[in-house]
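Pulled from Swiss-Prot:
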DISULFID  CYS2-CYS16  disulfide bond
DISULFID  CYS9-CYS21  disulfide bond
DISULFID  CYS15-CYS25  disulfide bond
Amino acid sequence: SCQKWMWLCDEERKCCEDMVCKLWCK
């Protein structure tokens with residue numbers, strides 16, 4: 001899980017949306 005203010009998740013360029021790390025979310 002992740003927090004809204006977290007942009008990077010893992011080592012990929014992902015962001016946090018709905019407490020989940022996703023690719024290319026806004």
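Numbers here mean position along the shown chain, with the first residue as 1.
From the backbone N, Cα and C atoms, a Cβ is placed for every residue, glycine too.
Keep in mind it's a predicted model, so treat the numbers as computed, not measured.
DSSP classifies CYS2 (disulfide bond) as coil under the three-state reduction.
Between the alpha carbons (Cα) of CYS2 (disulfide bond) and CYS15 (disulfide bond) lies a span of roughly 9 Å.
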